[in-house]
Each structure stands twice: as C-alpha cells, then as structure tokens.
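S.K.: Here's the feature list from TrEMBL:
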DOMAIN    82-160  domain 'Cation-transporting P-type ATPase N-terminal'
TRANSMEM  139-160  transmembrane segment
TRANSMEM  172-191  transmembrane segment
TRANSMEM  322-346  transmembrane segment
TRANSMEM  373-402  transmembrane segment
TRANSMEM  878-898  transmembrane segment
Amino acid sequence: MTTAMTHDLEIATTSALTDHADCSTDPNFSDPFDIGNTKNASHVLLKRWRQAALVLNASRRFRYTLDLRKEEEQEKRRRMIRAHAQVIRVRGISDMLKTNPETGIYGNEDELLKRRNTFGSNTYPVKKGRSFLMFLWEAWQDLTLIILIIAAVASLALGIKTKGLEEGWYDGGSITFAVLLVIFVTAISDYRQSLQFQNLNEEKRNIQLEVIRGGRRDKVSIYDIVVGDVVPLKIGDQVPADGILMNGHSLAIDESSMTGESKIVHKDHKAPFFMSGCKVADGAGTMLVTGVGINTEWGLLMASISEDNGEETPLQVRLNGVATFIGIVGLSVALLVLVVLLARYFTGTSRNADGSVQFVRGTTTVSETIDGVIHIITAAVTIVVVAVPEGLPLAVTLTLAFSMKKMMADKALVRRLSACETMGSATTICSDKTGTLTLNQMTVVEAYVGPKKIDPPEDGSQLHATVSSLLDEGIVQNTAGSVFLSKDGELEISGSPTEKAILQWGVKLGMKFDVVKSESIVLHVSPFNSTKKRGGVALRGRTESKVHIHWKGAAEIILSSCSRYIDVNGSLQSMDKDKDFFKDAIDDMAARTLRCVAIAYRTCETHELPTDEEQLAQWTLPDDDLVLLAIVGIKDPCRPGVRDAVRLCTHAGVKVRMVTGDNVQTAKAIALECGILSPGADTNEPYVIEGKRFRELSDKEREQVVQKISVMGRSSPTDKLLLVQTLRKQGEVVAVTGDGTNDAPALHEADIGLSMGIQGTEVAKESSDIIILDDNFASVVKVVRWGRSVYANIQKFIQFQLTVNVAALVINVVAAVSSGDVPLTTVQLLWVNLIMDTLGALALATEPPTDHLMDRTPVGRREPLVTNIMWRNLIVQAVYQVAVLLVLNFCGISILKLEKDEKAHAYMVKNTVIFNAFVFCQIFNEFNARKPEEINVFSGVTKNHLFVE
C-alpha cells in the first residue's frame, strides 16, 4: 500500500513539475484549470489540471475520472490496428492480383499477356491528329490563291468561249493546275511535319522506369506496366499507373497535374492511393499497380486531349514579320503594275504578239474586253503570289523538323521547338559533372576504416567482425539500390551509380545483401537529396531492442557530425586527435578526382524513439555524435572526347562552367582533366567557388564575380538557380544541364534547359527543353552545332528568297511599264513560286551542320537576320539577274536573230528564253546561297542528297 502511494505520489509530482517547467516557459501558458470547451477536449488539456498540483494517492483520487493512460494505450492499439489493416489490405489485394509484395509478379510473356487481356494495357487512345484533307483545306484558304483560282475559272470559261475547247483551256487550265499543285505540295509538306511531331511526342511519353519482377529490378517502358506490378518510387519519378502504397518513407506526391492544386500530398496508410501521371516530390516507397491505361483518371484525361504542336518559335515570329513587310511591298508593286497595264490597255497602247492593238473603242467586244482585263488582273495577282514569301515560315518548319529528326540520331530529343534555334545563341553552358562530363561508371578504389587505409579496398579480412557487421548493415539498409540474381544467375546491382559502387564494394567485402536485410527492421528513413547531401535510416534488430541510426553522404559533411570513430579492430576512438588526418585524407582523394563518401552511425535507445506512428513519420533523425565507420573514394573517369568538346566550345565562344554538388577539390581536379580549367589557370576564389560562398554574396557582388566563375563545388539547386539568374541579368544566353528534381527551377529559368535521359528524373525532363539521351557532354556540343545550323539555314533561304523576289518584281514592273506586257506569265511565275517556296526551302533547310559553324561567335539575341554579307550577296545577285533578264527582254529578238520571224513566234521564243534564263538564275542562286561567306559554294554539296535531287 505504502509503495503504491509513493509510486502515485512520484508520478504526480514528477508530472506536475515537468509540466510546470514546460508551461512556465510557454508564452501562451494559461490557467491549467481553464478548459474552455469540455466537449471533445483533448487529452493534453485533461492531463494539465491533474498535473497542476501535488496529488497524494493519484490512482485512487482519479479512479472515477477518465483513465488517460488507458485511453492513450487504446489509441496506440487503434493506430496499430489501422497500420495492420493497411498491411492486410495490401496483402489481400496482392493475393487477389496474384502478386508477391516482395518479389512482384514473375513477369514472363504469357503472364504479361494474360494480365493485359484481363486488365488492359497501360496505353490510352491518343486523339488522332488532323487528317490530310484538313491540311488541304487550310492550304487553299490563302487569299492570293483564291483570287488566282477565281481568275483561272473565269479565264478558262472565256478561253473556251472565244477559242473553243481545243485551245481555249490552255491558260485557265494551266493556272488551275499550277495552283492545285502549290496547294497539294504545301499540304503534303505540312502533313508530313505533323506526323513527325506526333512521333517525337510519342518518344517523349515513352518513359523508362524500374519494376520488381521475379525479385529482380528491370527497366521497362511505361507502356509495359501491368496490373499487379510492384513499382519502386523515388524523388522525381512519375507515377506510371493508379495504385496503392505498399511501403514508403517520407513519401510526398505532387498531384497538381490531376487536381490542379499545387499542394504536396503525403502518402501513408491513411492516404495510400496513387494517381497516374503525378510526380514524386520527396521520399521513397513502393506501390502496387491496380489500374492502367484508360482505366485511370490520367488515361481518360489524356485520351480526351490532343497534343498541341502549334508552338511558334521566336524565329518564326520574326520571319512572319519579314514576310508581311515583303508582302506589302509586293502588293504595292502589283497595284502599280495593275494600274499601268489597265491604263495602257484602255488607251490602246497595249498590243498583241502580232502587233495589233488589243483594245479599240467601239470595235473590241465586251467578251474580249473582259478576257483582256482578267489577263491583266491575273498577271498582277501572280506578282503578289511571287512577292509574298510564304516559303519563309515553311523553311523554318522544314529546318526545325529536319534538325529535330537528325538531333535524335545525335542523342538529343527536342521537347520545345524554340530550343533548337536558341541553342545557336548560347554563350555559356553550366554543366553537371557526374554522368555528363564523366562516364557515370563508379567504382570504389580507396577506403579508410579509422586511420587505416584498406589496401586493396575490397579486402574484408582486414576488418574486425563488429566493423564488418555495422558496415554491412549501413550499406544494405541505407540505400535505394538492390542486389539480386539476374535471369542468367549472375549477381546484379541496381540503384544510382554511387549506390551501385558502394553496394559492389560491400559485396566484395563479403556482404550478404538478403541476409543482412532480413536481420533488422527499418523504422524511419531520411532519404538522400541534393540539398542535405546525406541520407539516413533508423533500424531495430529483430533480436535486440537497441536502435542503430546509419548515415551516408558527402564525406566532409558526415565527418563534421562525428565525435568518434571505430578502428579496424572494432574499438571506439575519440575523433579529437585524428580529425585533421581524416580531412587531409578526404582532400587528398578529392585532388585525385575521387568522390568521397563517408558512412557513420550512432545508437539510440528504444525509449528515445517516438512511440506514436504519426510522430515517428515526422521524426528528424539525430545526426550528431556520430561514429565514423568508413570513408570511401569513388572513381568516376572523364568521358572520352569531353576535353575536345570543351575545347570546341571555347573556340566557338561558348564558356563551359562546371556546377556540381561534389567537393570543391574533386570538382577542381575534374575541371583540369576536362579542360574547363587550363593547367596554369587561377584556381582561387572566385574562379573556383563553393556554392555556399556564392549564395552568401550580395546581388551586386554576385554580378561582379559571376563572369569569372569556372567551377562551382558543393552547390545546391538554389545555388545553380542563382548562378543562372545572375548570368542572364548580365545578358548571357544560358544553357543548363540538370538531372535531379531540385534542378527543375534552374532548367526552367535557363534559356535552354538540358535534362539527362538516363539519370534524369521525370520532373527534370518535364522542366527541360531538350533531353540529352546519352547524358554525354559531347552531345550537348552537337546540340549547339545544330542550333547554329538552324539559324544559318534560315539565313541562306532568306538570301535565296529575297533575290528571287527582287529579280521577278523588277523585270515584270519594268516590262509592264515600258511595253505594256509581262515577259514572265502567270503560269511561269507560279511554277517558279512552287520551286522557290517548297523545293528550294527543302534543299537549303536540310543542309547538315559543318565544323565551320563552330568558328563563329554565338549569334546575339538582337542580331539582324539579314547580315551585311547577306545584303552584299543579295544585291550583287539581284543586279546580275535583272541585268540578264532585261537585256533578253529588250534585245532578245536581235540576240536570238528572230527579226525575220513572225512577231508572235519571235515574242513566244524570246519569252521562253527569258523564263528559262530566270529558272537557271534561281538554280545558280540556290548554289550561291549554300555558302554565303565562302567562295567555294560547291564544297560538301554531294553530302546533301535532298539538295542534289
């Protein structure tokens, strides 16, 4: 009895004192007896009045009131039941779907086919693009073509009436045929580009992701996902289908693509459902697929909308402006010609080919007059058709479409058309290190356990059993990777390159992945991300109550949290004396281009853990007073050819900057190896700077140093974004590479965002303009070449088109004003227009990029489309063509010695020669336009088959 009373007294006293201490420091502390609303009062409020004073015999005094301790135990039990219910629910669903929650479905072809037939495939019916008839309908709605069709019909009717069917259909029929041909060629060209864009969109949607099948992690297309698949999810992934949570840690989903709200939704046993098309914002976990394709909300949504290919690039906008201006000039000239020709016709100064006057008042019939006027209107409208350069926007489309197709072969998938042309203006490239400048083939080549260097690093016999056990536990449980047997029975490792390297090292040390994984239970996970640069996990052994918290991450960050280390003999040692040794070891490895990763742990008593499941989910893992287990140096060699690619960029006036999360020393060493830093270059700040240091500078200071920065180490995504914003303020055209979810803001902010196709997350890809499919920096340089090629090809076509316009307009205007007739007829000009707007555009738009493009400096944002060299070429070529054609027009009969022939025949021969000369002038002009800045215009002509054909 006395013992019980003492126990009650102690509990009440301790609680009262503790609560009083807590509450006295709380500014919102109020009277503990003041419970404003007794209905549904919280247990915290009910507890406070009981703990406010010293209570003797507490259990007896409170025997008729609510037993709070029992209530808390019942609440814990309820939570446990809910958690078990979730497990039972998942197991029940997986049993119904004949899926093993651990190893997934078996995944053979028969099983996959059966599941697709039963539940459907993970595809949805894509809305069909516009049909060919729609493109035909759009092509013939050009106002000038409609006028020509009306004129052609009128000319056909009058021709047949005056000359009979046998000869009367020539003019009207020829115009009609030429107009129809122009319409069909334009429609076919537009239709083909539409199909090409559809194929590219299909490529964009074809996401590759991991699934667990037969206990193995396989990479499959999103279209191959079936109901019953177990899919691991990590930061940046897209949820590939509808499903239910199996297990997860700190898993947060961005459901804005489905709900329209930018709120991040946390997934746990209370909210276990996933919607297809959403993105993983944080954490990691696995899901069981329960619905695919059209049976998901995302599938229904995507089936109801069509892909929009109506993007208009900045260059197309500028060219539409140029085309409008030229069109206005052409229209003015056509009106002048119309007025002059009508005036000459009705004043009787226009003559037929035989020399007779075309219009005689009182003699010429109404039918003949209408026929004559229609011929004059047709000639004027044809001048408008030639003058309006419809081919300019078409040339851009052809160039971009051709470039996009060829860039796919060069491992670059264009997501936004405008990026093609903007890349040609890039003045700086901010590149990641890992996987872009390096091969992303990581191996552990150096390891320290305590102050002892393990040589060779995979020799596990040098380690004490305690060290081996702790290392194995830290490597196996604190990873998103996995070790499993492949179909061929060989050991396979999955995960990020860094995780694969550490797992491979563990296996060589003698680690048994499945055995170690089964020996402990994961309580809580703090996933690795690029901001913290470390990841942790809390474990409890199945046979002991002690909890181990393992951390892994950037060596110097983990080292700063360590107070002790464990040596190879398994003894704990103080860090005080040896901390400098470890720092020197990290610097030494970093200077030899090794990525340094530290593995550490600490113990935690069970009673220190949050007992409530919700509190455990929000628990911040302790990261102080750690015990260092090992430091490993991971080698990731530079990509072959990256040094040449960097040198080519520098030669082309594009500065390459390395922005990496790695140690500054590692970044500096890799930059020297890649050629970003030259051997004698200054490697002090600000040329080589740490992200934190750059972040701490004021806006003005950042603007002063940003041009000098070549390498930024230990950078966070925020630092990368700051760098991009500062460079753009300075007028730079910035291209940025990125692969992580947190890189999305920088990719979006940059003029050209380049995401990585292999290591890049879906969030990064969605924010980018171009996806580099092989993660190779050399492919980024190829994109620069293609960007410059797009711009150069457009300039070539502008030069070609303007020359044709000037020559055709001048010859027709001069001839019309001087003789009352136009030597280039409606049909002839339509044929030239057909060649000029389609075939000419195709020939020049498909010129492949040359090394000569990289000898130029980047094209400025506001540099004129028509350069001084182009004006020189254009004027010289136009003057030459006009001179030839005018000489033939006025002296052609005498040059061709046709004075003795009939006038009608002589005029017909002369005009035929003028037309042929005009056509040949355009062919020569096409060759000249190939190389605006070079004398030898024929170099490399045989490499472009479309041009030759």
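Don't overthink the numbers, they just go from 1 along the chain as shown.
Note: Cβ is positioned from N, Cα and C throughout, glycine not excepted.
Please treat TrEMBL annotations as automatic predictions, because they have not gone through curation.
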S.K.: Tell me if the transmembrane segment (139-160) touches the transmembrane segment (172-191). I count contact as 3 or more CB pairs below 8 A, with pairs 6 or more residues apart.
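M.R.: Contact between the transmembrane segment (139-160) and the transmembrane segment (172-191): present, because at least 3 Cβ pairs are under 8 Å.
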S.K.: Do any residues of this chain, six or more beyond the ends of the transmembrane segment (878-898), have a C-beta under 8 angstroms from a C-beta of it, and if so which?
M.R.: 802-803, 806-807, 810-811, 814-815, 818, 823, 905-907, 909-910, 913-914, 917-918, 921, 925
S.K.: Apart from its near flanks, which chain residues at least 6 from the ends of the transmembrane segment (139-160) lie with a Cβ under 8 angstroms of it?
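M.R.: Those are 167-173, 175-176, 179, 182-184, 186-187, 190, 367, 370-371, 374-375, 377-378, 381-382, 384-385, 388, 390, 826, 830, in sequence order.
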S.K.: Mind tallying the domain 'Cation-transporting P-type ATPase N-terminal' (82-160) by DSSP state, helix then strand then coil?
M.R.: 52 helix, 3 strand, 24 coil
